[in-house]
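Reading through the structure tokens given below for one structure.
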Amino acid sequence: MVFCKLVKRLNRIQINYIFNNTDKIKHGTRCLYMQKQTYSTNENVEKTYEIPIENIRNFSIIAHVDHGKSTLADRLLEITGAIKRNSGKQVLDTLQVEKERGITVKAQTASLIYSYKGQNYLLNLIDTPGHVDFSSEVYRSLAACQGVILLVDANDGVQAQTVANFYLAIKRELVVIPVINKIDLPMADPERVKNQLETLFNINEKDVLKISAKLGTGVDELLQAILKRLPPPPVNRNLPFRALIFDSWYDKYKGAVSLIYVKDGSLSVGEHITSFASKKSYEIKEVALLRPEEEPIKTLFAGEVGSIKCNMRSSKEAHIGDTLYKKGHPVESLGGFTAIKPMVFAGVYPMDQSHFLALQSAIDKLILNDSAVEIVSNSSAALGRGWRAGFLGLLHMEVFIQRLEQEYGTEPIVTAPGVTYKAKIKGQKNIIRYKGDIVVFNNPIDYPDKQITVEYYEPMILGTIITPDKYIGPVISLCLEKRGIEQFTQTIGNNRTLLKFSMPLNEVVLDFHDTLKTLTSGYASFDYEDDGYHSSEIVKLNILLNGNIVEELSTIVHCTKAKEVGKRMCNKLLDIIPRQLFEISIQAAVGSKILARETLKAYRKDVTAKLYGGDVTRRMKLLAKQKQGKNRMRMIGNISLPRETFINMSTYRFSAFVAFVLVVTCFLIQFGNTQYSFQDKRQSQTLHKYCGKNLSNALGLLCDGVYNSMFKKNGQEMEMDDYPFAYDESYPFRSAVTANAMMGRFAGTRFRRESRGVYDECCVKPCSIQELTSYCGRVAQ
């Protein structure tokens with residue numbers, strides 16, 4: 001009884017609380033109750049940071065990939081009290097794709113309050129990406145800085161992106177603080193890195209700082225150097241408000257959020273601003289500093305970096321590089337940024353056309369945060385409506401697609417990446433038709449006919465490679481294989497060499513970086529910059545099915561690679577095209593010249609099944625009649641390719657299997673320089689020649705266990721368990737038995753023996769290319 005009274009009393013107290021904290025809203029015959037908002041609005045925020053201009057420092061951390069930028073940013077945040085110690089690794093890497101890949105893909109800003117000799121300093125830190133594909137992030141970030149920290153790994157030394165970032169900072173006339181990181185590593189050699197900095201950049205050894213971002217060693221001295229060496233921002237708080245948008249992102253509740261650098265004046269909540277580009281006006285709803293989480297404040301002053309929210313609902317309104325000013329007080333533009341041209345193009349399509357609007361909305365929101373992506377509407381007869389997207393590189397494309405999937409839940413189809421070509425047109429009518437004598441195209445469908453073209457041009461890049469001296473031979477061979485032209489070579493000390501090659505972008509964009517890392521055991525670094533367009537003999541490779549061109553499968557290649565690419569595409573189509581009741585010829589052609597052909601056999605219908613005896617002529621008559629019918633069917637039959645065929649042919653996927661093939665090929669080729677040798681020199685040359693031409697068959701050779709008894713050590717044949725599969729100690733496989741177990745999944749049971757998994761015939765006697773093909777060719781392909 002007492003318990004029931006207590007429950008009723010508690011219910012009355014709860015109901016009274018709800019009514020005292022809700023607004024009653026009549027709606028028709030029903031009463032709706034909405035809980036009152038008890039949080040404070042930004043109009044009531046009184047907090048502000050009015051730091052004197054001479055106590056403000058704006059700087060970025062620039063470096064090569066994995067040289068410790070984000071780790072150093074963590075230590076700076078801890079020392080200045082912005083975050084607690086042991087808050088986690090790479091606090092500024094907030095995107096899921098950054099955490100999964102372990103790289104920074106988006107520049108992040110943090111405002112730090114640092115006390116030194118009784119004065120408070122405001123340090124605006126911008127952590128930038130290190131990969132060449134995200135150089136646009138570095139370029140934009142430096143617009144808000146007066147100095148940079150050039151971070152170099154004490155073990156790896158100066159790398160290709162270190163060189164590119166240094167000259168980018170010098171071009172911006174920024175103060176550079178050279179810092180050697182990771183001095184705690186056992187193999188660290190700071191003196192060697194100092195010599196490299198002096199050789200390449202003429203940096204005085206006395207100006208170089210040595211730190212360990214992981215342990216925090218020397219970071220306090222770095223903070224003091226930032227205060228002493230970097231100048232305050234050249235701003236004026238007495239002039240009318242003027243600010244530069246150098247980054248933006250989309251918030252589903254508050255619309256577009258802009259990250260601005262205030263050049264002149266100040267900006268407070270409630271004031272109205274105008275965009276220089278669109279001339280639209282907005283009311284400031286919220287102003288915040290990133291510390292690194294958003295901290296709402298009342299006013300942003302000149303020299304400071306902060307975010308603003310002003311009800312920009314469209315992603316196109318927050319234009320990166322735009323100048324903002326107070327309504328009614330026009331000012332001169334700050335200049336903005338030079339548009340960075342995309343290097344790689346690919347088609348992006350929804351998995352189903354019913355998802356088109358959802359994918360379009362996701363792309364519009366994401367390009368607000370990644371303005372380097374160029375989007376143009378496109379359509380395909382096979383894949384439907386979509387877009388032709390331009391990216392700065394292959395990694396940039398992969399990250400963009402991954403963010404679409406993870407952050408917006410979309411399932412886009414991405415076609416194989418390509419580059420933009422140019423063609424010079426002849427003939428007055430053709431020039432009028434194409435609106436000029438130069439045609440720009442990145443889609444094979446737009447390829448101008450050779451009859452009306454004077455010359456074709458393809459984009460070139462100037463690549464910078466830094467590699468240990470012992471890998472110079474394989475690196476130069478790789479560059480020459482990719483149609484590269486050597487431009488410059490420089491020794492930078494300590495057995496390291498800087499190479500510059502001019503190469504076609506189309507040869508670099510897919511697998512050059514991965515192959516380079518494989519050949520040099522990961523020690524080489526690569527960076528590139530645009531080198532304009534050069535004349536080239538590019539051709540359009542058409543795919544024909546029963547003599548009819550399928551435009552969606554066409555591609556643009558260099559004339560020297562046309563036959564190789566054509567064979568590969570025909571073989572792939574042979575596996576994925578569904579069989580028909582009639583024979584299908586698959587051909588790869590350039591113009592009228594057929595370069596490769598495969599034939600997809602028809603389904604066999606047994607027309608003689610009803611025969612139970614009689615003369616053989618009856619059987620022959622039925623077979624001849626079937627043959628005539630199939631010939632007629634082939635002439636009038638239409639080949640209807642399912643959508644999945646186009647997706648499988650055109651979709652870009654870099655699988656682990658492809659990476660494995662590259663590793664295996666390098667492994668086989670490098671045997672010529674090791675202590676292992678083939679049984680006979682002639683066979684060694686034949687095998688090397690064959691493996692160099694066909695990667696898939698090279699994998700097949702290894703699948704067969706050729707490494708077992710074809711190689712010897714010190715004149716003695718090695719046993720299975722004694723032979724290490726790996727070329728170096730870093731490779732995961734340790735024995736040939738383990739290797740065979742791994743290979744079994746790729747090679748199939750046909751190539752496995754009971755215990756050894758090898759072809760004894762192939763291993764014991766000298767064999768020709770034809771014999772190797774018969775053993776390895778089909779399964780490896």
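Cβ coordinates are placed from backbone N, Cα and C, and glycine is handled just like the others.
Marked as GTP binding site by TrEMBL: 63-70, 127-131, 181-184. Marked as domain 'Tr-type G' by TrEMBL: 54-235. Among the features that TrEMBL reports, transmembrane segment is placed at 652-672.
The structure, with features from TrEMBL marked on it.
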| residue | record | CB count, 10 Å |
| --- | --- | --- |
| ALA63 | GTP binding site | 26 |
| ASP66 | GTP binding site | 16 |
| LYS69 | GTP binding site | 26 |
| THR128 | GTP binding site | 26 |
| HIS131 | GTP binding site | 23 |
| ILE183 | GTP binding site | 20 |
So what's the average pLDDT for the domain 'Tr-type G' (54-235)?
88
Using DSSP, would you call LYS69 (GTP binding site) helix, strand or coil?
helix
In DSSP terms, helix, strand or coil for ALA63 (GTP binding site)?
strand
Under DSSP, is THR128 (GTP binding site) helix, strand or coil?
coil
